[in-house]
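**Student:** As annotated in TrEMBL:
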TRANSMEM  B:78-97  transmembrane segment
TRANSMEM  B:163-185  transmembrane segment
TRANSMEM  B:205-222  transmembrane segment
TRANSMEM  B:367-389  transmembrane segment
TRANSMEM  B:459-482  transmembrane segment
TRANSMEM  B:502-521  transmembrane segment
DOMAIN    B:609-674  domain 'MrpA C-terminal/MbhD'
TRANSMEM  B:625-645  transmembrane segment
TRANSMEM  B:651-673  transmembrane segment
DOMAIN    B:684-774  domain 'MrpA C-terminal/MbhE'
TRANSMEM  B:748-765  transmembrane segment
TRANSMEM  B:786-808  transmembrane segment
DOMAIN    B:787-910  domain 'Na+/H+ antiporter MnhB subunit-related protein'
TRANSMEM  B:846-869  transmembrane segment
TRANSMEM  B:889-914  transmembrane segment
Amino acid sequence: MDHLLILPLILPLLGGLLMLLPPLSKSRVRQRNFALGLASAMILISILLVVEARPGEIIVYHLGNWAPPFGIALVGDRLSTLLVLLTSVLAFCSLLYTFGPSEEEGSFFQPLMQFQLLGINGAFLTGDIFNLFVFFEVLLIASYGLLMFGGGKRRTRAGLHYVILNLAGSAVFLFALGILYGTLGTLNIADMARQVQLVDPADLPLVKAGGLMLLIVFGLKAAILPLQFWLPAAYSAAAPAVAALFAIMTKVGIYAILRVFTVVFGDSAGDLSGLAGPWLWWLSLLTLTIGGIGVLAAKDMRRLVAHLIIISVGTLLAGIGLEREAATSAALYYLIHTTLVSAGLFLLADLIGRQRGKAGDRLIAARPMHQGKWLSILYLIGALAVIGMPPLSGFVGKALLMKSALAVSEMQWFWPVLLISSLVALIKLSRAGSNLFWHITGEKPVVTPVDRAQLTAVILLLSTPVLMSLFGGPLTELTDATAQQLHDVPGQIGGVLRTSLAEGSN
Amino acid sequence: MTLMWIPLLPLLGAVIAALTAHWGRTRCAWATAALPALALALILSLIPQLSETGSIKSTISWIPALGLNLSFRFDGLALLFSVLILGIGLLVILYARYYLSEKDSMGRFYAYLMLFMTAMLGIVLSGNLLQLWLFWELTSISSYLLISFWWHKPEARRGARLALTVTGAGGLALLAGILLLGRIAASFDLDVILQSGDLIREHRWYPAALLLILAGVFTKSAQFPFHSWLPHAMAAPTPVSAYLHSATMVKAGIFLLARLYPALAGTELWFIVVSSTGLITLLVGAYFANLKHDLKGLLAYSTISHLGLITLLFGLGTKLAAVAAVFHIINHATFKASLFMAAGIIDHECGSRDMRRINGLWKYMPYTAALAMIAASAMAGVPLLNGFLSKEMFFAETLEQEFLGSLSWMIPVLATLAGVFSVAYSVRFIHDVFFNGEPINLPKTPHEPPRYMKVPVEILVGLCLLVGILPNIVVGPLLNIASSAVLGGELPDYSLAIWHGFNLPLLMSLVAMAGGLFVYFHRAHLFRFQKQFPEWNASESFEMAMRRVQDAAGKLLDWLENGSLQRYLLLMLMLLILMLWPALTELTHLTGKRAHLPVDIPSLVAGGLLVVAGLGTVIYNRQRLIALLMLSVVGLVVSLAFARFSAPDLALTQLAVEVVTIILLMLALFFLPQKTPKESSPRRILRDICIAGLIGGIIGTICYALMTRELHSISDFFLANSKTGGGGTNVVNVILVDFRGFDTLGEITVLGIAALGIYNLLAGLRLFMPSGDSEGRQWALDRHPMILAVISQSLLPLALLVSVFIFLRGHNLPGGGFIAGLVTAVALILQYMAHGVDWMKTRLDIAYHRMIACGVLISALTGVASWLFQRPFLTSWFDHFHWPLVGEFELASAMVFDLGVYITVVGATLLILANLGQMTTSERPVTKEQD
């Protein structure tokens with residue numbers, strides 16, 4: 001019996017619980033070391049999973065030994081394992097950052113980080129839509145707990161908005177599940193894809209309503225316009241390591257959209273195929289626009305990065321809205337890039353803020369930085385990557401996405417909006433960089449060297465755009481294969497339900 | 001493979017420059033220069049091979065999905081540009097060694113310069129258009145670093161930003177153009193594209209692709225109206241200007257024009273756009289160059305003007321014009337680089353660049369003056385210098401075109417006018433600076449520069465002379481091979497002779513000379529005329545515009561993202577309505593085929609109660625206690641409904657949850673004002689009623705539609721397998737702990753995390769503690785009434801017994817760990833309420849957060865235990881045993897799992913309630929208690 005697929009859930013769960021109990025709960029240092037050890041193990045496990053899923057056979061894990069569609073199944077295909085690997089890498093860097101000085105002390109911090117990872121990995125790996133709801137709850141409540149660390153009015157307010165909006169979203173999620181269960185009679189995503197082809201045509205509008213409600217829930221998580229307003233306040237208020245980890249949170253929503261609307265409401269869904277496409281397309285173009293406005297308006301670096309995340313969400317969802325394999329592959333490449341780079345920029349904003357005294361990361365003149373040279377090199381790399389300037393991965397991702405828009409009607413909207421958002425990012429980041437590094441007052445720099453562990457975390461994250469570009473060939477091959485597997489709906493159904501389908505035919 | 005080394009060597013040079021910076025300035029310069037010198041040698045060594053094959057190519061696969069390969073292609077045009085880039089680059093390295101002061105970081109400067117050189121070489125050697133774009137953007141980035149080299153100066157920062165914005169915007173347009181071109185030709189490979197000229201020109205996307213590419217070209221080459229960044233880039237150190245604005249950065253656009261000439265040129269659109277842009281730029285640049293008092297400003301506008309000239313030549317579309325353009329590229333690079341360097345020397349030695357102050361330098365630096373005067377004459381197009389030759393060819397070509405029909409004569413006339421201005425500013429450069437009286441108020445006394453600072457100028461001026469006198473020998477072969485690469489093979493007949501006899505072009509030259517002198521000596525009129533226009537500074541205007549855009553964006557964002565939760569929720573609900581409305585209008589049959597249940601009196605009464613209580617909650621929402629009571633009625637009716645529809649488990653759970661929730665809310669209400677202030681305007685209330693009504697109506701419709709339809713679902717499987725597979729007859733419980741035990745594990749984790757989160761939130765909280773209600777009445781002084789204390793204590797064992805009972809029977813009858821946990825928790829809460837936190841603490845000192853951890857851990861480990869039996873996580877096991885006295889009973893792993901649930905529920909509930917309760921007891925004001 002191969003239990004590898006469930007380890008990304010069991011490890012953070014047990015790890016988090018053990019950290020709440022003595023002897024680990026007694027010392028922050030022990031908690032930290034333990035957490036980093038777990039994160040390293042997670043990277044190893046997820047690499048093994050990616051390798052195992054690479055040939056194309058979907059790994060299915062029957063929880064409680066109940067075969068789907070009756071029991072809950074974990075599904076390890078190329079997409080989910082890839083995203084678990086991404087999460088592991090991100091988690092490792094975020095946790096490494098907590099080794100440095102930070103205000104988020106408290107014995108629950110590390111356990112909550114683990115529970116957050118449990119939620120994220122669970123959302124990626126589960127093949128069951130109700131189980132997805134459960135993991136959405138896990139990550140919502142853990143992220144809420146993490147968001148509140150450090151206290152303060154701004155955090156409390158941002159956290160409250162975040163949690164209430166998401167609880168309303170959970171209610172909509174439950175409605176949607178009720179509707180879909182009432183019409184399709186199943187909760188397994190692959191089985192839903194099968195049932196949606198068999199549903200009575202007269203009942204299709206109900207299925208459609210359920211599907212669109214799911215789109216709202218996932219859209220809220222992904223932060224698509226008009227559901228994105230909570231994000232800048234929440235992300236910029238969060239502690240740096242938390243904000244960095246949150247870079248994957250919008251991607252959970254995007255993943256859910258990709259999974260549900262490609263598999264269940266994909267090519268084989270008859271009248272319901274392409275259910276999300278038009279909505280995603282127009283809303284994501286508007287999201288790109290509002291992200292651009294936010295970027296221009298940002299007055300400190302963390303808000304700037306938060307709005308850059310909104311731009312990236314718009315970019316990704318526009319790609320997914322195209323609903324074709326090449327676009328999905330491009331979006332996946334861009335997703336990996338944007339997650340790691342935005343996380344790196346959040347952490348970098350904290351490092352920069354620490355060296356600028358009272359001014360922090362606000363875009364105003366301040367004392368020169370003690371290690372301005374190194375930080376400015378990191379800033380340059382991050383900025384180039386996030387704008388989409390060559391030779392880093394942002395360029396590859398954006399060019400792939402632009403290339404995947406085929407029809408004139410697609411190009412005439414997507415290209416200008418995407419390119420102008422890049423230009424806006426270019427203008428703002430060059431201004432911000434010149435404000436942060438060059439616009440200095442006469443005061444002496446504060447001699448507080450950057451913490452080694454924290455610097456390593458930032459360097460690790462910001463080296464990814466370089467590596468992703470260098471190894472763009474193999475990586476795009478991987479995303480191509482991933483997109484191909486995802487869009488192969490019969491293959492998904494057959495792969496996940498192979499046990500019960502085999503029994504049924506016997 | 002040799003080809004790849006050419007751009008790679010300067011890149012290594014960047015690293016070496018950074019590493020050798022501490023060796024001292026001269027050594028650093030030598031070490032840095034070694035690598036481009038090697039690259040130049042490589043280039044020269046490739047020439048024999050080039051003349052045999054026409055072009056050399058080497059490709060490595062990089063990102064095939066994007067059509068992006070590392071592909072380097074070496075032909076005549078690439079040769080010309082590489083020689084310019086590397087040759088002038090080497091001279092600039094030497095020059096910069098003496099130009100930069102001790103304070104400037106030499107290593108940083110050379111590193112940026114080498115990076116820029118790599119980018120330029122990358123552009124000219126690219127065999128793949130996407131790769132070309134990659135290097136194109138790299139030039140923007142590295143030029144940003146170079147222009148802002150003196151970043152402490154605001155004008156350097158602004159100039160760099162302006163340049164980056166303009167060229168960056170153009171670069172993005174170029175990307176779009178290249179992607180279009182790549183789609184038309186089905187490849188980004190340069191060879192393929194150059195061979196698909198006809199296909200491209202006839203494609204319906206040709207105009208779009210052409211205009212986008214030209215946007216990139218024109219911004220990079222500072223063509224009107226995108227020229228304004230170039231003069232502000234003069235804030236850079238002069239070696240940078242000498243490099244960027246003679247042979248490189250601005251020539252990148254021209255290069256692309258030449259590179260794609262076979263693929264794009266030859267249409268009317270090309271002619272109109274390219275030649276008119278070139279002509280306007282030529283005139284505008286030449287005119288404004290006369291008005292600048294800054295030496296570098298003059299050179300900047302003259303550069304713009306010459307770039308316009310080259311663009312115009314490419315726009316004319318004849319083969320000879322293309323040859324003339326290539327020739328002028330070479331000539332402009334040599335004389336402009338030497339002029340910038342001379343200007344740098346003057347600036348360096350005088351401390352000023354203002355031509356109204358630096359006069360009569362002939363006396364102070366005759367040698368430099370002689371060099372600068374030769375270069376300036378070349379710029380003016382004086383015979384026996386290289387500028388004369390290409391200018392003659394230019395004039396001749398303007399006479400040859402007939403695109404404008406009867407208005408075609410205008411082009412040569414305007415070209416001559418531009419020639420007049422060009423002579424005028426060249427004369428000004430010579431006369432103002434080196435003669436025209438004595439220097440005025442200079443910070444330093446000028447003198448000749450260090451010996452080696454003059455060497456690069458000498459070499460370049462020597463080339464101007466050599467090309468001017470012996471064009472066929474010196475530049476003929478290079479021009480041939482480069483032009484044939486631009487034209488795709490066939491070369492027109494042309495002669496590089498100095499003397500063509502008396503003809504129209506010569507006359508135009510003579511008119512330009514005479515006119516130029518005239519304009520120069522009457523320049524005061526020109527200045528006076530220009531004074532009538534308001535002064536306009538592109539960099540400042542850009543800065544102001546950016547500020548305004550930022551402010552506007554800020555205001556717009558503040559208005560949209562106003563931090564109002566109500567608004568964000570409203571948007572979500574509106575989207576919900578917007579999405580569901582069309583879907584539901586498609587549903588033609590609302591009522592399904594399922595038979596309705598008969599309506600009975602109790603159901604009607606309960607339903608009525610539910611409606612009334614629901615409405616009551618809304619109506620009394622500002623009186624919080626009443627609203628809460630109403631809400632609890634809703635909860636009770638829901639539990640009754642569960643009971644009515646045969647779901648006793650759910651009813652029990654709902655009831656227990658209801659009790660705990662209401663207690664929690666009562667505790668929370670204690671800290672809040674008892675009444676909500678009236679906040680909503682009538683309009684807003686109306687709006688909210690509409691939204692709520694719509695949402696309610698939509699959800700109600702869906703529920704009705706669903707409930708009246710037959711359900712075919714996987715539920716049947718659970719009913720059939722509950723006993724045989726899960727070992728329990730209570731299907732709900734078996735689903736919870738077995739079929740979908742994993743969900744339960746997730747949910748108790750959620751519960752635990754929520755408790756931890758709340759504990760964390762409360763830990764640092766200091767709340768205002770009211771001593772009475774809103775009407776001034778004191779809270780009861782008797783905090784722990786005797787009756788409550790006695791009854792609760794006697795109830796405790798009973799309640800615990802009940803919870804054990806509920807727990808144990810759970811697998812087969814209504815009950816289970818969750819309900820049992822809630823019952824236990826309620827019983828313990830009652831103790832807290834009756835006796836206070838302190839009393840409880842002495843008797844029951846449990847760290848509840850550890851209890852939660854243990855609970856979840858027990859459940860999780862039950863799941864892990866299945867691994868020992870080679871089963872997946874959470875696989876259940878059960879068996880029936882027979883003990884004497886006890887009789888037959890069942891043991892199941894699910895019970896251990898359920899125990900975990902039980903412990904978690906107790907721990908989480910108590911952690912929240914006890915901590916909230918603690919705040920009310922420990923911090924309550926006690927002053928009044930003595931009364």
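Glycine too: its Cβ is placed from the backbone N, Cα and C atoms.
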**Student:** Using Cβ atoms and a strict cutoff of less than 8 Å, what residues sit near the transmembrane segment (B:163-185) while being 6 or more residues removed from its termini?
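**Tutor:** 67, 129-130, 132-133, 136-137, 139-141, 143-144, 147, 192-193, 196, 199-200, 203, 205-206, 208-220, 226, 228-230, 232-233, 256, 263, 542.
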**Student:** Using a Cβ cut-off of under 8 Å, list the residues of the same chain at least 6 residues beyond the transmembrane segment (B:367-389) that approach it.
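**Tutor:** Counting only partners 6 or more residues beyond its ends, the transmembrane segment (B:367-389) has Cβ contacts under 8 Å with 302, 306, 327, 330-332, 334-336, 338-339, 342-343, 345-346, 361, 419, 422-423, 426-427, 429-430, 433-434, 448-449, 454, 457-458, 460-461, 463-465, 467-469, 471, 475, 496, 498, 509, 512-513, 516.
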**Student:** Can you tell me which parts of the same chain pack against the transmembrane segment (B:786-808), counting only residues 6+ beyond its ends and a CB-CB cutoff under 8 A?
**Tutor:** 652, 815-817, 819-821, 823-824, 826-828, 830-831, 833-835, 898-899, 902
**Student:** What is the number of residues in the domain 'Na+/H+ antiporter MnhB subunit-related protein' (B:787-910) that are helix, strand and coil, as DSSP sees it?
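**Tutor:** Once the DSSP states are binned, the domain 'Na+/H+ antiporter MnhB subunit-related protein' (B:787-910) shows 89 helix, 12 strand, 23 coil.
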**Student:** Might you confirm whether the transmembrane segment (B:846-869) is in contact with the transmembrane segment (B:651-673), defined here as three or more C-beta pairs under 8 A between residues 6 or more apart in sequence?
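**Tutor:** Not in contact, no.
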**Student:** Near the transmembrane segment (B:205-222), which same-chain residues lie under 8 Å Cβ to Cβ, leaving out any that are not at least 6 residues past its ends?
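**Tutor:** Apart from its flanks, the transmembrane segment (B:205-222) reaches 136, 139, 166-167, 169-171, 173-178, 180-181, 183-184, 229-230, 249-254, 256-257, 260, 264, 267, 269-270, 273-274, 277, 281, 303-304, 307, 311.
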**Student:** For the transmembrane segment (B:78-97), I need the partner stretch with the highest count of C-beta pairs below 8 angstroms, choosing only from B:459-482, B:748-765, B:846-869, B:889-914.
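**Tutor:** Counting Cβ pairs under 8 Å, the winner is B:459-482.
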**Student:** When DSSP states are grouped into helix, strand and coil, how many residues of the domain 'MrpA C-terminal/MbhE' (B:684-774) land in each?
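**Tutor:** The composition, in the requested order, is 68 helix, 1 strand, 22 coil.
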**Student:** Could you tell me the mean pLDDT the prediction assigns to the domain 'MrpA C-terminal/MbhD' (B:609-674)?
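**Tutor:** Per the prediction, mean pLDDT sits at 89 for the domain 'MrpA C-terminal/MbhD' (B:609-674).
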**Student:** In the domain 'MrpA C-terminal/MbhD' (B:609-674), how many residues does DSSP assign to helix, to strand and to coil?
**Tutor:** 56 helix, 1 strand, 9 coil
